[in-house]
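Asker: Quick one: the structure is below, and I'll ask about it shortly.
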Amino acid sequence: MKRNDPCWCGSGRKWKQCHYPQPPKMSPEALKQHYASQYNILLKTPEQKAKIYNACQITARILDELCKASQKGVTTNELDELSQELHKKYDAIAAPFHYGSPPFPKTICTSLNEVICHGIPNDIPLKDGDIMNIDVSCIVDGYYGDCSRMVMIGEVPEIKKKICQAALECLNDSIAILKPGIPLCEIGEAIEARADTYGFSVVDQFVGHGVGIEFHENPYVPHYRNRSMIPLAPGMIFTIEPMINVGKKEGVVDPKNQWEARTCDNQPSAQWEHTIAITETGYEILTLLND
C-alpha cells in the first residue's frame, strides 16, 4: 500500500489522510506478504521469534559474562579468548568472526573511549578511566541475536560517565515509545531529542537493523531525525543501537584495518544496544537477560 492509495478502512480517503501510518487490518499471513512486497521486511512468525529469543538470551548471557570479566589490566584479546570459550559453552557461533570485507578478525567488538564502533580486540591492557563498549552477536541454531553494553574501568572522568548515561537514556527513550503503527522515524526523533538535552551528537554513519534470520536485514533503523514513515508492525524484529558522541557526530574509519570508527575530534563516544520485537500491543526486549 502506497501513501496515496485509498485507505484500507473503506473511508474513501487517501491512506496518508486517514489511518497512515497504521498498517492495514490484515490476517498475519497477508500482513507478512504486504511487508515483504512493500518494504522488503520479513515479519517473523511466533515460531521464528521463539528461536530468535533463544539466540538473544544466549547472546545477552555471553555479553554479561564478558562485562564482568572487564577489569583493569585485562586485555581485550583476553576478553576475545573468553568470548570464544563462552560461545563453545553455549553452542553458539560468533557472527562477527570473518564477517564482511575485509573479514573481521575477532569474535566480539571492543570499542574504547573515542572508538565509536567495530573496535578490534588487541593486547593493550584496560586501564583506569577507560570506557568500553562490548558488542556481541551470536548465531544459535541458525538464528541471530545482537546486543552491546558499556563498561567503565576504575575511576572514570565525569564526562565519560555522562556520555555512557546519555547513550543509555537514548536507547531507553527510543524503546519506550515502540508499538504497532508508529512510524520508524519516531525512534530517531526520541534518540536525538534526548541527546540534545545533553548537548551531545548522534552518529549518523551507522544504524540499527533488522535481525534474526540474517545478521543484517531490513528495516535499517536510523538513530537520528529522519523521514522514514514505515509503520511498525507485529513480527518486526530489529536492533536499536545509538552511538552518541561528546563532540562532533562524524566518525573516521581506520584506513588500515578498515573497521574501527573513531570520533573525528578524539572525544569520547558511547553506545548501548538491544534486539527488540514488536508485539500486538507494544514491544519485547529479546536481549534483556532473563535469569
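Placed from the backbone N, Cα and C atoms, the Cβ positions cover glycine too.
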Asker: Which of these, ASP135, ASP265, does Swiss-Prot say binds divalent metal cation 1 at the same site as ASP146, GLU273?
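Answerer: Among ASP135, ASP265, only ASP135 appears alongside ASP146, GLU273 as divalent metal cation 1-binding in Swiss-Prot.
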Asker: Out of GLU78, GLU81, GLU85, GLU241, which one does Swiss-Prot list together with ASP146, HIS209, GLU273 for divalent metal cation 2?
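Answerer: Looking through GLU78, GLU81, GLU85, GLU241, the residue Swiss-Prot assigns to the divalent metal cation 2 site is GLU241.
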Asker: Would you kindly give the Cα-Cα distance separating HIS216 (substrate binding site) and ASP135 (divalent metal cation 1 binding site), rounded to the nearest Å?
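Answerer: Here the two Cα atoms are 15 Å apart.
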Asker: Same chain, not part of ASP146, HIS209, GLU241, GLU273: whose C-beta falls within 8 angstroms of the C-beta centre of the divalent metal cation 2 site? Give them in sequence order.
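Answerer: Once ASP146, HIS209, GLU241, GLU273 are set aside, the remaining close residues are ASP135, SER137, CYS147, SER148, GLY208, VAL211, PHE238, THR239, ILE240, HIS274, THR275.
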Asker: Please report the distance from the Cα of HIS209 (divalent metal cation 2 binding site) to the Cα of ASP146 (divalent metal cation 1 binding site), rounded to the nearest angstrom.
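Answerer: ASP146 (divalent metal cation 1 binding site) has its Cα 10 Å from the Cα of HIS209 (divalent metal cation 2 binding site).
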Asker: Centre the Cβ atoms of ASP135, ASP146, GLU273, go out 8 Å, and tell me which other residues of that chain have a Cβ in range of the divalent metal cation 1 site.
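Answerer: Near the divalent metal cation 1 site, the remaining chain residues are CYS109, VAL136, SER137, CYS147, SER148, THR239, GLU241, THR275.
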